[in-house]
Amino acid sequence: MRKDVRILLVGEPKVGKTSLIMSLVSEEFPDEVPLRAEEITIPADVTPERVPTHIVDYSGTDTCTSLYDETHMANVICIVYSVNNKKSIEKVTLCLKLLNVLILLSCHRVPLILVGNKSDLVEHSSMETILPIMNQYSEIETCVECSAKNLKNISELFYYAQKAVLHPTGPLYSPEDKEMKPSCIKALTRIFKISDLDNDGILNDNELNFFQRTCFNIPLAPQALEDVKNVVRKNMSDGVKDNGLTLKGFLFLHTLFIQRGRHETTWTVLRRFGYDDDLELTQEYLFPLLKIPPDCTTELNHNAYLFLQSVFDKHDKDRDCALSPDELKDLFKVFPYMPWGPDVNNTVCTNEQGWITYQGYLSQWTLTTYLDVQRCLEYLGYLGYSIIQEQESQTAAVTITRNKRIDLQKKQTQRSVFLCNVLGARGSGKSGFLQAFLGRNLAVSTDKRIREDHMSYYAMSTTYVYGQEKYLLLHEVLPDFEFLSEADLACDVVCLVYDISNPRSFEYCAKVYKKHLLDSKTPCVIIAAKSDLHEARQYYSLSPLDFCRKHKLHPPQMFTCNTDEAPSKDICTKLTTMAMYPHMTQADLKNSTFWLRASVGATVFAVLGFAVYKALLKHR
């Protein structure tokens with residue numbers, strides 16, 4: 001809501017601008033009227049809208065300020081004329097033309113109100129003369145006839161002026177067409193879709209009550225709810241379906257509110273869902289302030305995952321635990337653009353048809369939160385997270401992890417997301433390793449090469465360590481040895497990949513390790529990729545195994561994605577474990593009991609987790 005309202009009164013001399021202000025303040029007609037009233041401020045607690053209001057009396061003879069300056073500062077302009085003076089009424093058009101130019105120069109929308117003063121001096125209304133002018137200028141919100149002398153409509157005049165600023169008609173409705181404007185329809189359609197919690201295209205009684213409580217802090221009484229639906233039924237046949245309100249009925253109701261002058265009802269709804277006066281989502285709504293201390297990461301919390309699960313479930317119409325292209329498109333209808341490109345399908349798990357699975361869906365949200373939390377907050381804003389979850393903002397969905405140095409000191413972590421940077425020479429098999437983590441292999445792939453515009457340098461999925469579900473994010477770092485930055489190396493674990501069939505491949509890994517990782521506390525694993533091919537002798541001075549022994553690294557891990565079966569995730573489980581327990585020695589990590597416990601726990605929890613999710617779907 002706007003912090004204050006500035007009302008500017010303009011008009012020809014002697015029309016009563018100053019008298020109107022004096023009568024409002026003193027609640028009586030002044031015996032002596034000054035040439036110009038000083039700017040006054042009405043406190044918020046005495047205004048109907050609870051907003052401080054500044055009233056400015058502009059005099060054409062005032063040399064201290066210019067009309068342009070005042071127009072630029074004004075939120076609403078009242079054009080005052082005398083209803084008993086025909087020339088005064090005729091000059092309203094000239095004033096409107098001048099103000100339109102000045103408003104255009106000031107580059108901001110200013111509603112206008114026509115004020116016919118001195119109604120006590122005539123028995124007739126000036127509305128017949130004024131109506132054609134109002135039809136000609138869409139900026140005019142309304143016309144009020146009043147009398148400063150007998151205090152007729154004085155308080156109403158300034159209430160309408162406040163209302164024109166706080167609840168303007170212009171962005172909502174076109175009087176000429178007698179219908180809502182496209183931008184208003186678009187905003188209300190998004191609001192309807194967010195409020196339709198089961199995505200059946202109807203707002204049932206529970207959803208309508210939740211909507212009413214969310215926007216107006218009070219539920220609708222059963223009879224009031226039926227009355228609302230009956231009004232819609234009488235006016236449109238398809239406005240109510242299965243005793244619930246359809247989108248057409250919802251839009252009709254708001255059109256009715258606006259036509260009956262109840263703009264504040266529609267504006268209350270729009271502002272509750274984050275819209276500004278131009279029907280754009282505000283920056284404060286989309287990007288609430290969230291400070292991230294150094295060496296801390298961002299993750300979604302439990303309530304956020306429950307919310308995202310509910311969003312997935314309401315759009316997974318066929319209950320196949322995956323989102324088809326149409327289902328995904330339907331999910332993102334509340335966004336102004338498609339947030340996920342084709343690269344997402346190569347970043348997270350998909351089914352055989354290439355559709356994003358439930359696990360892949362949550363993984364993509366987890367990745368976005370970890371890499372770009374502001375983007376995640378924006379996305380949650382479009383989905384209406386703070387409204388549905390009844391939170392102050394989307395920041396309630398995010399957990400900021402503690403500093404990594406504290407984790408190292410305490411030798412334990414509460415984090416759920418770990419980053420593994422994957423480095424290696426070109427052609428060493430890094431991309432294959434990332435895709436294998438998502439359960440894909442080369443042997444059964446019909447398209448072994450990923451299109452360049454569909455390429456992703458990230459792969460995100462879950463692993464299990466000691467029965468705990470964790471997210472591992474693999475990041476393929478471009479192989480530019482001389483220009484590796486701190487960001488390229490800032491991670492929880494490093495994976496160096498070489499091609500065993502290429503005799504020059506290991507040399508890159510050895511140089512990167514010695515230059516950037518030798519004195520680092522970041523755990524490191526060397527992957528011997530393409531292990532299905534003939535192993536060539538590496539040209540480097542030490543063999544990969546001897547290099548690992550010399551630097552007290554785990555022996556090279558054999559890996560191939562050229563198999564008929566889904567590639568093993570064992571290596572990724574080891575990487576996650578090393579990221580979780582960087583203080584462990586290589587002897588600890590080599591212990592067979594350790595890996596047995598980790599792998600068994602992973603298998604058991606993966607099977608149980610999938611079984612529970614399937615059971616939940618059957619109950620729905």
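Cβ coordinates are placed from backbone N, Cα and C, and glycine is handled just like the others.
Automatic prediction, not curation, is the source of TrEMBL annotations.
According to TrEMBL, the domain 'Miro' annotation covers 2-167 (among others).
Taken as a whole, the domain 'EF-hand' (303-338) shows an average pLDDT of 96 in this prediction. Annotation source TrEMBL lists domain 'EF-hand' at 303-338.
The domain 'Miro' annotation in TrEMBL covers 415-581 (among others).
Feature annotation from TrEMBL assigns transmembrane segment to 594-616.
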What same-chain residues lie close to the domain 'EF-hand' (303-338): Cβ under 8 Å, and 6 or more beyond its ends?
190, 193-194, 197-199, 350-351, 353, 355-358, 361-362, 365, 379-380, 382-385, 388-389, 396-398, 613-614, 617, 620
Using DSSP, what's the helix, strand and coil tally for the domain 'EF-hand' (303-338)?
23 helix, 2 strand, 11 coil
